[in-house]
Amino acid sequence: MAHPTQLGFQDAASPVMEELLHFHDHALMIVFLISTLVLYIIVAMVSTKLTNKYILDSQEIEIVWTVLPAVILILIALPSLRILYLMDEINDPHLTIKAMGHQWYWSYEYTDYENLGFDSYMIPTQDLNPGQFRLLEADHRMVVPMESPIRVLVSAEDVLHSWAVPSLGVKMDAVPGRLNQTAFIASRPGVFYGQCSEICGANHSFMPIVVEAVPLEHFENWSSLMLEDA
């Protein structure tokens, strides 16, 4: 999860998020190079009184500054399109979970099971245990098996919400009357935090998302206990 004074993204916990981080570094390096070149040209033009008549009217330079930006745009667009298709690809998910946004909490339904669903409310500050995070902990976590494709169907009961977990590279709008879907693979065990990323009302800041990725055996034990309690 994020921590104070952090400048970069959260550590990637899914293959898609790793690709997003690589693309971010790739694009940022191109931006740095362009900014450095433009700054150098500005300083050179301001600091010298000399002019070059061949630069003022040069067909070759016009060709370069037309072709070079096109090449740079291609170098940015191709990796971006590749990641867009990767994020949209949902092949044979091992588990499907429906996440419904409410004012102001999330409810989860494991559609592969007959009667497995629960509401997930934020734990109030006064009820937190030592080591738990304020405004991020929920009384019921969305437990998923690690290293398995998980499909999440996202919708809302009342107003617009957005189901987002940054470390998993997932952000999907929850629209009333519409069923959106996204997918992720948790590449390692852990607890990953997110929040509603749509301004949904007065308590928008108080509907956290907690995804806990566990080994498959632990997930089966958890689901058995939840079904027994139901």
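Cβ atoms here come from the backbone N, Cα and C positions, even for glycine.
Those TrEMBL annotations? Automatic predictions, nothing curated.
Sequence annotations record features per position, and here TrEMBL assigns domain 'Cytochrome oxidase subunit II transmembrane region profile' to 1-91.
Residues annotated as domain 'Cytochrome oxidase subunit II copper A binding' in TrEMBL: 92-225. In this model, the domain 'Cytochrome oxidase subunit II copper A binding' (92-225) carries an average pLDDT of 94.
The transmembrane segment annotation in TrEMBL covers 27-51 (among others). Sequence-distant contacts of the transmembrane segment (27-51) (same chain, at least 6 residues past either end, Cβ-Cβ under 8 Å): 72, 75-76.
Among the features that TrEMBL reports, transmembrane segment is placed at 63-85 (among others).
Look at the domain 'Cytochrome oxidase subunit II copper A binding' (92-225): DSSP puts its residues at 19 helix, 63 strand, 52 coil.
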